[in-house]
Amino acid sequence: MASPDKKSSLAALTLAAVGIVYGDIGTSPLYTMKEVFSKEHGLDLTPENLLGVVSLIVWGLIIIVSLKYVTLVLRANNRGEGGIMALMALALSSVTKNSRWYFPLMVMGLFGATLFYGDSVITPAISVLSAVEGLGVATSAFDPYVVPVTVAILVGLYSLQARGTAGIGKWFGPVMLIWFITLAVMGVVNIIDAPYILHALNPWHALHFLSGNGFLAFIALGAVVLAFTGAEALYADMGHFGAKPIRMAWFLIAFPALSLNYLGQGALLLLNPEAVTNPFYQQLGAWSIYPLVALSTMAAIIASQATISGTFSMTKQAIALGFLPRMKIEFTSASQIGQIYIPAVNWLQMIVVVLAVIGFGSSSNLAAAYGIAVTATMMVTTVLTFFVIRYRWKYNLILCVAATGFFLVIDLSLFSANMLKLFHGGWFPLLLGVVLFTLMLTWKRGRELVFENLQKHAIPLEDFLASLFISPPTRVPGTAIFLRGESDGVPHAMLHNLSHNKVLHERVVFLTVRMMEVPYVPKADQVRIEHLGDDCYQMNVTYGFKNVPDIPAALDLAKEQGLEFEMMETSFFIARQTVVANPVRGMALWREHIFVAMSRHARGAADYYQIPSNRVIELGTKVEI
């Protein structure tokens, strides 16, 4: 029997998961039904079509969210961490680097991750915009103010990011719980008025709708997918809450509430087809519009916050895995290490979100932009999951194909339906994804070219030290730490120091930082020291992609292995690389120029590794790619 403390902890995590994980999918009822039956889709609002659409949505929640994500994908975790970056790292670890699958899997996972950035722009825009549009249901006099009010809310939200969410974050769970209870109550009220809608629970109506409406049903699928946006968040946030609280929050709260509300909106439209212009806000009558606008705006802000935080987390992982240059990362909570803020990402995302709101102008226009990136990410997740369960878990091939193939057919159907919206806004998140994909691959390849160049001119460290101490230079008091990449040979900073200063510190440490394709490396395994002789040491510091790189903390850990450091007697020598594009070799010249620009704006190693600036000596070196 579980102890009371464990039960209360599980309940707290479940409530927190309701607030963070389900904000996106929880706000989908604001716009999904409205979009399915919009005039542009040409689908008649008949009782038969209503039953079919509601049945599609409810069974989509069962198959896509409950079975695929909650039951299968949550099991494919990378040491407890989820998200497409973690899944990509797990899939890559399932095959060797020489495997024919390695590069395609990396490209696929990377493209899925960049599509997440496209989603992260659309989610705040469509969530807040659709919430504020409720004012227009009350009176058309509010229509001119919908976009300005939305922009003001979003600018305010992004402006507060630097302060962190630790203070208001504790209210996310209770507010979203009230939101889901409200969804359920509204649904039940309308179902009581038109219980015939419960026939939609029979999947035959979904199948009959698809077979009986031909191309119109195919078009409708592109709008139905709006009910499943946010499913990826279930997996992405697993590291914060664990699989069990996420599952409990889904099956006990989110899924019943969403199903009841979609059934309720269907019941409302059976009785009052004119409500199709915005069925969500007309479920309880005119008296409820203003309270619902207030509550839905809070829910939309929470959904947006979860997406923004997810973007910060994804960026940090991408930096650690070598797909993006180092950036300034601020920690906004002393107690919660996952609470981070990346200024460059925050302001750039805010600008793009505001432009999306102004450019598209309404949630209906944004809805056209939403589905392609979401369904493409779903496909990538399914394929990566196949490689994990087949090559890492060693499940039977037929079982793996059957399990993931079923979901892949659904993903492909939804993706194909959304491709019809490519020229009606679907290009927007795809363009964002392609731009970021190009930048990430360019950075990854550029770093490889820099490494190859340095390797060509590298002097083996052991041979160099052996020859150096035949006629040793003058030793001066203190400790010198030279940052050195894996297999880099003698650090350029050391060669420059010996060339210019003609001296060597009495203790020399070569420090190599390695990032592993796992979320976390325990402190006990982070530091390894090898004695090279003559008071020279090789110190390897290993982090996972969700660890916080902290060299001073690593030096403290070195005490346990007999190497103590006094910071005021320690100097860090770091080579500052100036990268120069070479038209003869390497990448295409335009990509090389992009890489050079990214390198120029990358955060310095000293800042990124939290090395005190007054202990750092930077020495320049030029590298051609």
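For all residues, glycine too, the Cβ spot is worked out from N, Cα and C.
Model, not experiment: these values are computed from the prediction.
Residues or ranges marked as transmembrane segment by Swiss-Prot on the basis of sequence analysis: 10-30, 50-70, 102-122, 135-155, 172-192, 214-234, 251-271, 284-304, 340-360, 369-389, 397-417, 422-442.
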Same-chain residues at least 6 beyond the ends of the transmembrane segment (10-30) whose Cβ lies under 8 Å from its Cβ atoms: 2, 65, 123, 127, 130-131, 169, 171-177, 179-180, 183, 226-231, 233-234, 237, 240-242, 244-246, 248-250, 252-254, 257-258, 261-262, 265, 280, 296, 299-300, 302-307, 309, 363
The transmembrane segment (422-442) vs the transmembrane segment (214-234): 3 or more CB pairs under 8 Å: no
Annotated stretches the transmembrane segment (251-271) and the transmembrane segment (102-122) touching (3 or more Cβ pairs under 8 Å): no
Remote residues contacting the transmembrane segment (135-155) - C-beta distance under 8 A, at least 6 residues beyond either end: 124-125, 128-129, 277-278, 281-282, 286, 289-290, 293, 297, 301, 304, 350, 353-354, 357-358, 361-362
Cβ pairs under 8 Å between the transmembrane segment (102-122) and the transmembrane segment (284-304), at least three: no
Ranked first among 50-70, 214-234, 284-304, 369-389, 397-417 for CB pairs under 8 angstroms with the transmembrane segment (172-192): 284-304
Remote residues contacting the transmembrane segment (369-389) - C-beta distance under 8 A, at least 6 residues beyond either end: 64, 68, 72-73, 76, 84, 87-88, 90-91, 94-95, 101, 105, 108-109, 111-112, 115-116, 118-119, 122, 126, 222-223, 225-226, 228-229, 231-232, 235, 356, 360, 395, 400-401, 403-404, 407-408, 411-412, 414-415, 417-419, 421-422, 425-430, 433
For the transmembrane segment (50-70), sequence-distant contacts whose Cβ falls under 8 Å of one of its Cβ atoms, 6 or more beyond its ends: 25, 32-33, 36-37, 43, 197, 199-206, 208-210, 212-213, 217, 220-221, 224-225, 227-228, 231-232, 234-235, 246-247, 250-251, 255, 258-259, 262-263, 265-266, 269-270, 378, 382, 407, 410
Distal contacts, the transmembrane segment (340-360) - CB-CB under 8 A, six or more residues away: 120-122, 124-125, 128-129, 147, 150-151, 154-155, 158, 161-162, 164, 308, 311-313, 315-316, 327-332, 366, 369, 425, 428, 432
